[in-house]
Amino acid sequence: MKLNISFPATGCQKLIEVDDERNVRTFYEKRMATEVAADSLGEEWKGYVVRISGGNDKQGFPMKQGVLTHGRVRLLLSKGHSCYRPRRTGERKRKSVRGCIVDANLSVLNLVIVKKGEKDIPGLTDTTVPRRLGPKRASRIRKLFNLSKEDDVRQYVVRKPLNKEGKKPRTKAPKIQRLVTPRVLQHKRRRIALKKQRTQKNKEEAADYAKLLAKRMKEAKEKRQEQIAKRRRLSSLRASTSKSESSQK
């Protein structure tokens, strides 16, 4: 079995092959996200504690958190699930994944060091890989350098050096996202003002429409009353003429 061990503090990662099955037997029957002492891996691993973060079986199927079995299952996966990347919007697919319990059928087991031991592991804890890119979001730059809201974030951006042969060295800085500038505040004020204007205009239009509707309803009511009165006059006139004719006979 191979062990893919990473140490987030230094940014290093190392793949080691374990020939003796007895050394990795401590990881058997353990679930993903379980913290295990790594003393059984060798003398140099004394005091180290690792967390099981995943793995792949001999056919390459990945372990999935929450699937409480040793074997393989076929699950209907969609966007947001691990072990699946949708190619189309709303696409779902039935994929084979391995359970989250470790056993001897794994080819690679992924481990993360959560506690460093007494000795250094060459290529893992003794060297540091610098991060290629710094934070881009304004709030994360503030968090990294412990800045207050009053401090100017633009002065603390991590710049990337671009050194080319025959050209003078220059640096490149990322565009800071979510940076609050006077222009952003002006845009926000304009948005709020436009929203207020729209609501005021909608209120005025609604009031005008209600007034016009009331006027039209009043006109229709008066017209209806006139028609009713006209019908009554005609019916009374007919009744009086028929009465006079009958009296003459």
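Here the Cβ of each residue, glycine as well, is placed from N, Cα and C on the backbone.
Per Swiss-Prot, these features apply:
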- 216-229: compositional bias 'Basic and acidic residues' (COMPBIAS)
- 236-249: compositional bias 'Low complexity' (COMPBIAS)
- Ser235: phosphoserine (MOD_RES)
- Ser236: phosphoserine (MOD_RES)
- Ser240: phosphoserine (MOD_RES)
- Ser244: phosphoserine (MOD_RES)
- Ser247: phosphoserine (MOD_RES)
- 216-249: region 'Disordered' (REGION)
Provide the three-state secondary structure of Ser244 (phosphoserine) computed with DSSP. helix
What's the CA-CA gap between Ser247 (phosphoserine) and Ser236 (phosphoserine) in angstrom, rounded? 17
Give the helix, strand or coil assignment DSSP yields for Ser236 (phosphoserine). helix
Taking only the Cα atoms, work out how far Ser244 (phosphoserine) lies from Ser236 (phosphoserine), in Å, as a whole number. 12
Helix, strand and coil residue totals from DSSP for the compositional bias 'Basic and acidic residues' (216-229) stand at 14 helix, 0 strand, 0 coil
Most Cβ neighbours within 10 Å, among the modified residues Ser240, Ser247, goes to Ser240
